Amino acid sequence: MTISLVPLAVCGLLVAAGMTLLLERSLARVLAGVILLGNGVNLLILTTGGDAGDPPLLGRAEPDQMADPLPQAMVLTAIVITLGVTAFLLSMVHRAWQLRGSDEVSDDTEDRWVRLRARRGQLGERVRARQAEYDRLVAEQRAELHAELRDEPTRGERMAHRRADRRRLKARQREARKQMRRAIRAERERQALALDPELEGDE
Amino acid sequence: MEALIPVPVLLPLLAAGIKLAIGARLRHLQGVISIFALAVNLVVSAVLLAQVDQHGPMVARIGGWETPIGISLVADRLSALMLVTSSAVTLCVMVYSVVSAYDRQEDVAPMAIFHPAFLVMLAGVANAFLTGDLFNLFVAFEMLLSGSYVLLTFGGTQSRIRAGATYTVMALMSSMLFLIALAIVYAATGTLSIAQLAVRFADLTPQVKLLVELFLLLAFAIKAAIFPVSGWLPDSYPTAPAPATAVFAGLLTKVGVYAIFRLEALLFPGGPVGTLLLWAALATLLLGVLGAVAQTDIKRMLSFTLVSHVGYMVMGVGLATVAGLAGAVFYAVHHMTVQTSLFLVAGLIERRSGTTSVNRLGGLMRKAPLLSVLFFVPAMNLSGIPPMSGFLGKLALIQAGLEVGGALPIALVAAALVTSLLTLYAVAKVWGKAFWREPQGEGESRADAGEEQMERSAANTPGLYGPVTALVMLGLAYTVLAGPLSSLTERAADELLARQPYITAVLGSG
């Protein structure tokens, strides 16, 4: 038996291309990958039959000149099976497209879980950063006002100024606190959305 | 008697064909046909088991061709035992699905395809157990897979399509690997009959032998969900309809395990892969059960324990002694039954409460005492509380591991014990949250919906408890019958490792 490298190289190429497509997210590409992979493997089986020969089972040739019929029978079976699976996958692609408008395979539950946990961590971090920033801002304002207050000349003016300043300061602090609360509440809401404890519904 | 061997394959196929032909017109007849076919299957496999146990392996030569030319179906103790267990389990699941479909007044159209797909899958399972030819084993796998594709994506909802995509692509990968392995085997030996391969593999160079063995092992390991290739299972099983998940959990992974039994014992005895299998078993046991502990959904938790407990069977094969293999076979029988009944109970919980998430469930103990018992018994059985069969199976495997000795088997024994404990923890967590604690305060609308559902299911679920109870009782019966059963599994393992009875029966004494 002579070994011809061309069919083997072709089948290697088909399998490699099929595997690459199989790793894609789009189901249609996965389908193309399955078809290529199936053809590559079928070709491999066919090459195991050895040299080409005369048609078997018809009684037109001597047994030692016949082609090996078994791999051909196996390939026929495999082709039929690949056909069925391809049809099934195609209907699944269609169904996914009907349901979502795309045929991308979404992440599995564990992946979503990990991603949500990461997002929760990020949000928490952002809330903490925001809070720290407001604290810093308030302290800055206070220091500024104190500095202004120290510069005031006469006592009566100073008292009046101080009262006005104190009012202004309080108003600004109130405003700042309100802003901060609003921001934190918004963050919390987003966090709660991301939390989604059951993870049962699809995103 | 040989004429009985193809029956477990042909009968479900025939029933599926009849059902497709009569379509949705005679719904009651549909249920009767499926149940009848599976009941006959159970009887036939029991007769086969009795015969095979007394007279040794039996061979049916399809089409009257001699073995290396034609395909043969072979029944020995192992395959007959697996067949009996799977028939008993599937009969219960079938009764469950028939009753539940009538209860729900589901649309007629999906049911018309549910039963044929189910039956084709069972025919594939039976064919995989019985076949004496590697290519026929591939065809059997494809039969059971195509049935399972339909069942898993049943109804075509978004989550099922997503789960189906993972499942289908993984299954296709394993099929392609199997086909490549078949091409290599045929090129190297010129035959695909298992018995003849068992003889001819001895002449191959060790490198080719190892290549073939690893290819086949990887293909079967994907089916059996052994660790590095087990990630697809917990993600795809929980979304399917309850009877489908139950039968997948019970049978499909065990078909992969069965193929590994055959591969390791008959085709490649004493190869270097045993150590690899032990490592895989160790990782499967521990990582699977750690996954189970982390879950808050009953079905997902059960899927992870399913992966984990496949590790016990792989451990038995990896030990490659009669005791180890006998323990693995015993464990497979036990696990098929118990895991299926747990998934059916999860289905009952879902029907009753509308969810299987333990965060939302609560107070089931008071609301549904019978359901609680039905969950509790197989859950304890799974985690190996004496004197249930889970304990006996684990005990057999641990004894086998200690007998072999050495660092890795001892580590495996430790892992087996830890896994058993963690399984108990995982099911106890579910028990504590879903059954024991006070009912959860639910939103108004949800409470109303739940109430309504409860009333509805209270009115018509009694029929569903029957098959589940039968399965749970079957799981308990393995304890009562432990003596005969374990001696049977020992004989099966003996026969499997001796190899000669199988080869002689198929090829003749010449």
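Positions of Cβ are set from backbone N, Cα and C atoms, glycine also.
What TrEMBL records for A:6-23 (among others) is transmembrane segment.
Taken from TrEMBL, the feature transmembrane segment applies to A:30-50 (among others). Tertiary proximity for the transmembrane segment (A:30-50) is limited to same-chain residues at least six positions away from its ends with a CB under 8 Å from its CB atoms, namely 1, 4, 7-8, 10-15, 17-24, 67-68, 70-72, 74-75, 78-79, 82, 85-86, 89-90, 93, 105.
Per TrEMBL, transmembrane segment is recorded for A:70-90 (among others). Remote same-chain partners of the transmembrane segment (A:70-90), defined as residues 6 or more beyond its termini with a Cβ less than 8 Å from a stretch Cβ, comprise 27, 30-31, 34-35, 38, 41-42, 45-46, 48-49.
Annotated compositional bias 'Basic and acidic residues' per TrEMBL: A:148-159 (among others), in sequence order.
The annotation region 'Disordered' is assigned in TrEMBL to A:148-203.
Positions annotated as compositional bias 'Basic residues' by TrEMBL: A:160-171.
According to TrEMBL, the compositional bias 'Basic and acidic residues' annotation covers A:172-191 (among others). When Cβ-Cβ distances below 8 Å are used as the criterion, the compositional bias 'Basic and acidic residues' (A:172-191) is approached by residues 120, 123-124, 126-127, 130-131, 134, 137-138, 141 of the same chain, each at least six residues removed from its ends.
Within its own chain, the transmembrane segment (A:6-23) has Cβ neighbours under 8 Å at 29-30, 32-41, 43-44, 46-47, counting only residues six or more beyond its boundaries. For the compositional bias 'Basic and acidic residues' (A:172-191), the DSSP-based tally of helix, strand and coil residues reads 20 helix, 0 strand, 0 coil. Secondary structure of the compositional bias 'Basic residues' (A:160-171) per DSSP (helix as H, G, I; strand as E, B; remaining residues coil): 12 helix, 0 strand, 0 coil.
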